[in-house]
Amino acid sequence: KSCCKNTLGRNCYNTCRFIKKPRKTCAGLCGCKIS
């Protein structure tokens, strides 16, 4: 489960995951935490 600060972060994370990037990478890029 990803925890993003806001909707923008979540959208960023989801887009990043959609293009098959690792969760950790996406979380870092988008300012999200992996719980």
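Each residue, glycine too, has its Cβ placed from N, Cα and C.
Note that this is a predicted model, so its numbers are computed, not measured.
Quick look at what Swiss-Prot annotates:
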- Cys4-Cys32: disulfide bond (DISULFID)
- Cys12-Cys30: disulfide bond (DISULFID)
- Cys16-Cys26: disulfide bond (DISULFID)
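Features as recorded by Swiss-Prot, highlighted on the structure.
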| residue | record | DSSP (3 states) |
| --- | --- | --- |
| Cys4 | disulfide bond | strand |
| Cys12 | disulfide bond | helix |
| Cys26 | disulfide bond | helix |
| Cys32 | disulfide bond | strand |
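Spacing of Cys16 (disulfide bond) relative to Cys32 (disulfide bond) is 12 Å (Cα to Cα, whole number). It is 8 Å from the Cα atom of Cys30 (disulfide bond) to that of Cys4 (disulfide bond). Residue pair Cys32 (disulfide bond) / Cys12 (disulfide bond) shows a Cα separation of 9 Å.
Within its own chain, Cys4 (disulfide bond) has Arg10, Cys12, Tyr13, Cys30, Gly31, Cys32, Lys33 as residues 6 or more apart in sequence whose C-beta sits under 8 angstroms from its own. Counted within 10 Å of its Cβ, the other Cβ atoms near Cys26 (disulfide bond) come to 22, all protein chains included.
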